[in-house]
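What TrEMBL records for this protein:
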COMPBIAS  463-475  compositional bias 'Polar residues'
COMPBIAS  479-488  compositional bias 'Basic and acidic residues'
DOMAIN    113-181  domain 'HMG box'
DOMAIN    198-266  domain 'HMG box'
DOMAIN    297-361  domain 'HMG box'
DOMAIN    400-468  domain 'HMG box'
REGION    460-491  region 'Disordered'
């Protein structure tokens with residue numbers, strides 16, 4: 001039997017490896033160095049855990065993508081042993097003798113004071129024997145659940161006794177701890193010593209959480225940490241913007257302080273290489289802050305997009321997949337004069353935006369001004385790229401017309417009749433009325449339009465197949481370049497996904 005036939009089906013064995021000549025020995029050494037550079041400092045987790053959380057996008061180099069690096073590492077690591085020899089353990093043992101971990105030693109010290117029980121545990125210890133006698137068939141877990149529920153249902157007056165006992169013992173514990181620190185400074189010093197590298201700044205949510213957690217756990221001692229975390233997470237998600245802005249400002253201030261402290265630390269420790277600095281604010285938090293600071297909203301880029309933005313707001317009854325088609329259809333029926341009015345309005349909005357934006361930028365700090373300008377440059381680059389990509393991918397030569405949905409077949413059939421009945425009704429209102437009539441139509445009556453849709457779709461697919469065959473046969477002979485897209489077509493292609501995501 002071939003050795004390969006006995007190979008296991010684990011993920012490591014199934015990983016495909018690029019041809020051997022792709023990876024030179026120098027490349028392999030570079031891969032290992034890149035991996036080492038992104039492993040967190042003081043890494044103490046199992047290799048498998050660290051491997052799973054490794055950011056392979058930071059590992060990639062030269063022509064090797066993150067996925068290629070990961071695949072090569074999995075192949076390489078499958079060929080090396082992952083256990084340690086006694087010789088290797090002795091090296092760690094010598095290091096431990098020099099710098100022993102004293103965390104457990106402190107707690108096992110005879111003079112170390114005992115932590116007081118929480119109010120809930122005092123209640124639990126007082127009532128457990130009684131409930132165990134009353135319910136001898138229950139397990140310890142069931143008893144714990146019952147007593148936890150009982151404690152939650154107790155009035156604050158009844159809980160007060162346990163709270164007072166806890167506070168009294170807590171004061172005694174704090175005094176005993178102070179005495180222990182005086183008598184054993186060497187033990188405590190090792191236990192509380194932390195790296196002198198400035199602590200990473202916290203996000204607004206983390207700051208708020210640490211502020212609320214202590215008080216919340218005091219009010220709800222029966223809740224475990226997981227329940228507290230989940231409750232506070234929900235509270236943060238509905239926190240009013242005004243309160244959220246307070247923590248955003250605090251987080252930014254602490255981030256500025258951290259940057260100064262880190263700069264000083266690097267001056268005294270030139271060998272230290274900090275990780276890439278990340279903002280403590282999320283994209284949504286930056287938007288909230290900028291809006292609060294007076295950043296104006298950018299207007300649409302042209303008259304057509306302004307028309308779409310206003311029309312889509314009134315097309316809530318129209319399926320999301322059809323809204324852009326409806327915008328395009330309604331724009332085409334506008335007169336040149338009406339289109340020109342939208343273009344002029346758009347230009348006015350752009351000019352006003354430039355004035356408002358300049359005022360906003362002038363009031364910012366140098367750091368914030370640089371951030372805003374970088375964002376604007378990135379947006380402009382992204383827009384040009386998306387337009388170029390859309391134009392390159394979209395081919396309109398002799399393309400069969402896409403079939404419309406059953407609802408639009410119904411709309412086309414009824415629109416003229418409704419227009420005669422309601423000559424003064426705006427196009428957007430007429431569209432909403434048609435959408436409402438469609439939604440109220442019985443399934444039996446809708447069947448007629450659905451059959452027409454299916455027929456048109458089949459016809460479209462057949463024509464597309466024919467065109468593809470013709471294109472393939474004429475590809476060698478070459479063909480004329482695609483006609484240039486109009487601004488409306490380019491904008492529609494670049495914005496379609498965005499509008500579908502916003503209004504689905």
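Glycine is no exception: its Cβ is also placed from the backbone N, Cα and C atoms.
Just so you know, TrEMBL annotations are computer predictions that nobody has curated.
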What is the pLDDT of the domain 'HMG box' (400-468) when averaged and given as a whole number?
81
With DSSP as the reference, give the number of residues of the domain 'HMG box' (198-266) in helix, strand and coil.
55 helix, 0 strand, 14 coil
Please list the DSSP helix, strand and coil residue counts for the domain 'HMG box' (400-468).
56 helix, 0 strand, 13 coil
Could you break down the residues of the domain 'HMG box' (297-361) into DSSP helix, strand and coil, giving a count for each?
50 helix, 0 strand, 15 coil
Give the residue counts of the domain 'HMG box' (113-181) per reduced DSSP state, in the order helix, strand, coil.
56 helix, 0 strand, 13 coil
